[in-house]
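**Q** I have a structure I would like to understand better, so I am pasting it below and will then ask my questions one at a time.
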């Protein structure tokens, strides 16, 4: 259109590209004196923010109607005008024929999309007009189109605020904020405090809302209906916002029902684009290394409870026989370098196999016993708990910046002797590992000092030689459990670090924090190996996949992302929670992920297909702990509502509908009632549950700090 053309010509003239200017002028049949005739300058309200207005001679305000006819310029500030040159807004200079093109920082560029776009007094009319249209449309379309209410409400409000129509913005907010879904309440609270243009500059939440397009998944029929309505009504204001700030993911097929949509929406930036969950994920388990298991005499000759001699089981000659076949969904064994097994690791694996042989098979008829570790008098505020894989030690992170390690077996915690004493030991003796420990240091509890803020995450290494802790002070610390001293402080996060976890194979670990990124580290590197960026708010929890090739992160932006450790790519985005995510658990077979959040719901995800496959309702408060039993038959969840709940995981994951159609469109059909999956609810007196752990024999351990209120 003419306005854009004029802008380009002026730019070419200013850049001394005379030849191009002439060619374009001839093509467009424009004469020299036409240049800049109809372009009125607008003083920009702040440096670096573009304002473009076109005022045809003899007309007041140009508010475009439909496609621009003939020589009339488009509507004021249309996306076309603002983005005519390589996406950078144009600042019109007062000298006719000069266009200033500035390289602007993100913030201004993003906010400049809100340049005056229409009559502020009509915004309420536009919005209520659309609202009326959607509410009167057919049921099948209404549910889908209702998704537009929230993003449009936010963007129209911000547009009014940005253009300093404060009273109109206030009345717009008051009139329509009650119509929004309840799960946007927290976001609306932030929004209501933004009442002046200046507030928008430094506000991170709002900047995210600006830079990331809000994603809506709508069927083609519903989309055509909307488009037709907006074009008939010539409601350019709303159409501009839809094009500028929303990403509409259109699919072919039946529109989705209200339940299907409600299950998936609620995150800060809408749903995930379907493209985001298309990449292949190797969710299978790695092959276990093979080695011989020595047979124990007492296993053979012991008698069972009734006094009958045990039936001799045919013993397997090696551990690997169980998983000789390579899982077709497993990553290649050497896809990422994993540490070699040490002799002590092999010994531990053997112990693990023996324990596993005595493991209780759980199920609806055979629920686990639960042993609850209550932290009493924890006035220093318990903020994190972890239990070693063999259930021999428990660690607590506290708000007074200490890390406390307890032995939960009769075996006390001992440190290694001093260097002088160690030199006297015979290094060849069989019990050298026992001799290096100093009996004088034996105690049930060790306190580790070093952090300078509350400790929000703790994690034992699989070999029980190390312990990780992360804190509000922005560091992750690695502690030795031989000397009970700090070995390294990893500095990379500039803000509080909310969670950290060791890889199931040791060596690697992950951390996530307030700076919205998760970092992958190796214990022997000072710098992170990978930085996983993409969340729009704090990364609140982190988890390694059992094969260590992937990392799941949960965030306060209400999404869960799965990252590939090899290349740092985000391979899955899961939306559906209505509050910040606080717990994650992979099923032992690596196929499924369970997530818990402040909304009190546990959601179940099929990783391979990238789909939500279940929703477990029952908790009434934030879910801080999730754990699958060792063979994956039962999912345990622990919450701030002082309960542990057990769910039937086998039933939850059986006969899933994961056909191609569902995968392509996201028409998920969740079972109406999750109560028949609930196997039991166990109350504590007044102790919120912050950690759960299944022992190798499937006894469930839970932990939390008694709260007296």
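Glycine is no exception: its Cβ is also placed from the backbone N, Cα and C atoms.
It should be emphasised that the depicted structure is a prediction, and the values quoted were computed from it without experimental measurement.
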**Q** Given the ranges 57-81, 82-106, 107-131, which one is assigned the annotation region 'Disordered' in TrEMBL?
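**A** Region 'Disordered', as annotated by TrEMBL, spans 57-81.
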**Q** What is the average pLDDT across the repeat 'WD' (448-483)?
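**A** Average per-residue pLDDT within the repeat 'WD' (448-483): 94.
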**Q** Should anything in the same chain at least six residues away from the repeat 'WD' (532-573) have a Cβ under 8 Å from its Cβ atoms, list it; otherwise answer none.
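**A** For the repeat 'WD' (532-573), the sequence-distant neighbours (Cβ-Cβ under 8 Å, at least 6 residues beyond its ends) are 205, 208, 212, 266-269, 272-273, 276-277, 279, 281-286, 330-331, 335-336, 338, 498-505, 508, 510-514, 516-520, 579-586, 588-590, 593, 595, 597, 605, 607, 610.
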**Q** Cβ under 8 Å, sequence separation of at least 6 from the ends of the repeat 'WD' (375-416): give me the contacting residues as numbers and ranges.
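**A** 348, 351-352, 422, 436-439, 441-460, 462, 464, 467, 469, 471, 473, 479, 481-484, 690-691, 693, 695-696, 699, 701, 703-706.
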